[in-house]
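Among the features that Swiss-Prot reports, ATP binding site is placed at G119, T120, N121, G122, K123, T124, T125.
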Amino acid sequence: MKKIEMYHHKKVLVLGLARSGVSAATIMHKLGAFVTVNDQKPFSENPEAQGLLEQGIKVICGSHPIELLDEGFELVIKNPGIPYNNPMIEKALKLKIPVITEVELAYQISEAPIVGITGTNGKTTTTTIIHHMLNAHKENSSLLAGNIGFPASAVAENATSDQYISMELSSFQLMGVQTFKPHISVITNIYEAHLDYHTDRSEYVQAKWHIQQNQTADDFLVINWDQEELKNLTKQTKAQVIPFSTTQRLEQGSYVQNGNIMFDDEVIGSRDSILLPGEHNLENILASVAVAKTLGVTNEEIMYVLETFKGVEHRTQFVVEWQGRKFYNDSKATNILATQSALKGFKNPVVLLAGGLDRGNSFDELLPFFKNVKSLIVFGETADKIGRVGKIAGIEVHYVDDVEAAVPVAYRESAPGDIILLSPACASWDQYRTFEVRGNAYMDAISELIEEVEK
């Protein structure tokens with residue numbers, strides 16, 4: 001970790017505990033700052049709070065007292081999930097107190113260069129593939145950070161200059177960056193999402209675009225050339241642009257030609273030998289190849305990863321084949337586009353489990369993708385909205401309380417050869433703490449179903 005002096009004896013407020021807040025508070029304390037942590041949940045729901053108190057860090061739990069900001073803080077580090085229209089954040093900005101997220105701190109202390117990956121969909125899978133490719137190369141090693149793995153600042157604290165940090169970044173994290181500068185930035189794609197957090201689509205796009213705002217001509221921007229919006233934005237960057245495309249041959253960058261994965265004019269390997277299923281994963285693969293080639297990973301090392309990588313948990317994850325039915329867990333599908341992508345990947349009839357937090361979407365965009373859906377099982381706040389679209393498509397719709405209740409209904413409505421797919425098209429927070437918890441609940445329910453039927 002770089003021993004920076006800029007926070008020594010500075011008063012710092014960390015808003016929100018969770019993993020990133022604990023990491024930021026601990027590191028700031030080590031850097032000599034006077035740290036206060038504030039979380040809305042009570043002490044009884046914050047097991048990390050006691051550990052911070054034992055380090056000598058002040059902790060206030062149970063509410064966000066607005067008067068706390070009158071205590072002369074010189075910096076606020078906010079949890080990414082706290083929106084900028086939160087009264088605490090609005091007051092901090094009014095008082096001209098800088099507000100950052102934990103990834104900014106990670107960059108400031110990191111000795112290792114950062115490969116930062118963002119996008120509406122595919123960023124977790126892309127980050128993971130890049131991580132594996134860099135670790136497959138004898139001269140590189142990678143640490144996984146950000147929304148996947150460990151908090152960015154915790155990873156940066158222990159990273160060395162001969163490593164890379166493969167860092168997944170959300171728009172929530174990027175919106176507040178000031179000096180953050182990855183050596184390589186990746187934007188997988190941009191679609192409409194998180195409009196409950198951002199004021200409009202323009203703000204969302206700009207938050208994603210912040211990933212490259214401090215890059216120079218010595219840095220690289222890997223970007224989806226199939227999206228005109230992103231293509232046009234590249235005119236504004238100082239970084240070297242490396243495009244990727246699933247639809248066209250490129251003079252430089254990564255693309256597909258004659259069944260082969262290409263980079264510039266070089267054949268990397270056959271697409272048929274790639275283990276990861278689904279058309280939607282091709283973007284992720286091409287973006288990863290562009291990063292790997294830029295950092296000197298060989299074709300053999302790249303293909304070894306692509307021939308062995310089975311995917312990431314909760315992302316179109318194959319769970320089990322039982323009684324002729326294949327169960328898939330796509331709990332990470334927290335928006336409509338992700339569910340569209342999942343449905344496109346299956347040719348067999350699908351029993352779809354969907355629903356979750358209501359962010360104001362109509363779900364009409366799912367209609368063209370329901371051709372292979374034979375039965376729809378809905379739950380959560382959006383059950384009625386998604387169910388309405390299913391009825392328009394002429395699909396039989398079943399309403400249940402939650403994911404656990406959906407599994408036996410899905411089995412009853414399916415037949416040998418069918419796909420049973422959890423792909424909610426919604427965030428989990430109306431019923432489950434995270435999409436991982438929701439996905440695990442689904443897989444546990446499958447295990448219970450099998451045990452019950454086979455008694």
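Our numbering is plain: 1 for the first residue shown, then up by one each step along the chain.
Positions of Cβ are set from backbone N, Cα and C atoms, glycine also.
Structure coloured by features recorded in Swiss-Prot.
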{"residue": "G119", "record": "ATP binding site", "Cβ contacts under 8 Å, 6 or more apart": "T126, V186, I187, T188, N189, I190, K208, N224"}
{"residue": "N121", "record": "ATP binding site", "Cβ contacts under 8 Å, 6 or more apart": "T188, N189, Y191, H280, N335, L337, A338, S341"}
{"residue": "G122", "record": "ATP binding site", "Cβ contacts under 8 Å, 6 or more apart": "T188, N189, H280, N281, E283, N284, A287"}
{"residue": "K123", "record": "ATP binding site", "Cβ contacts under 8 Å, 6 or more apart": "I117, N147, E168, L169, S170, V186, T188"}
{"residue": "T124", "record": "ATP binding site", "Cβ contacts under 8 Å, 6 or more apart": "N147, I148, E168, V312, R315, K332"}
{"residue": "T125", "record": "ATP binding site", "Cβ contacts under 8 Å, 6 or more apart": "L276, N281, N284, G311, V312, R315"}
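The ATP site is defined by G119, T120, N121, G122, K123, T124, T125, and by the 8 Å test on Cβ atoms against their centroid, the other residues of the chain that qualify are I117, T126, T188, N189, N284. Using a 10 Å Cβ-Cβ cutoff, T120 (ATP binding site) registers 21 neighbours.
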